[in-house]
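Colleague: Let me begin by handing over the structure; questions about it come next.
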């Protein structure tokens, strides 16, 4: 009886172990969209938000994803809808140069290989991502070259000079 109970417990452990391991996504099809901050006057950092809709040929759903941007890793959150994911990060305005940012997405297996390669100081570019999204950031607008206060003061001084000159010319 004890052997049967231990065999049942072993079978339960094996089944729970199999159910926790996620299946790899085969031939991912993505529909990406993204947003980047364009106005540096009203914000302190440049924000990048990438949203994707993911479908796999083998119909894997709700898989854990991780994103890598320029050597920094970020967790990818799942949306309420099936197959919707989002990742976001922020940079200082000076660090967020205009150009294209490559966001590489990894599943759990390839992400663990990426982290292992980083720990061992190996080349991480040889680890293929599940898919890649290119984010085009046009840069941030820092406001006009001359602030409106300085411009208003300069115009006021010019008007004062013209009025004073006209008064002096009339009295002469």
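Just so it is clear, glycine is given a Cβ too, placed from its N, Cα and C backbone atoms.
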Colleague: Looking at 123-143, 144-164, which one is transmembrane segment according to Swiss-Prot?
Modeller: 144-164
Colleague: For the C-alpha pair, I'd like the distance in angstrom between residue 25 (disulfide bond) and residue 72 (ubiquitin cross-link), rounded off.
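Modeller: Just about 23 Å between their Cα atoms.
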Colleague: Who sits close to residue 56 (disulfide bond): which same-chain residues at least 6 apart have their Cβ under 8 Å from its Cβ?
Modeller: 25, 26, 27, 28, 29
Colleague: Pick the one among the recorded positions 25, 72 whose Cβ has the fewest other Cβ atoms within 10 Å in this structure.
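Modeller: Relative to the other recorded positions in 25, 72, 72 has the fewest Cβ atoms within 10 Å.
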Colleague: Reported in the order helix, strand, coil, what are the DSSP residue counts of the topological domain 'Cytoplasmic' (165-172)?
Modeller: 7 helix, 0 strand, 1 coil
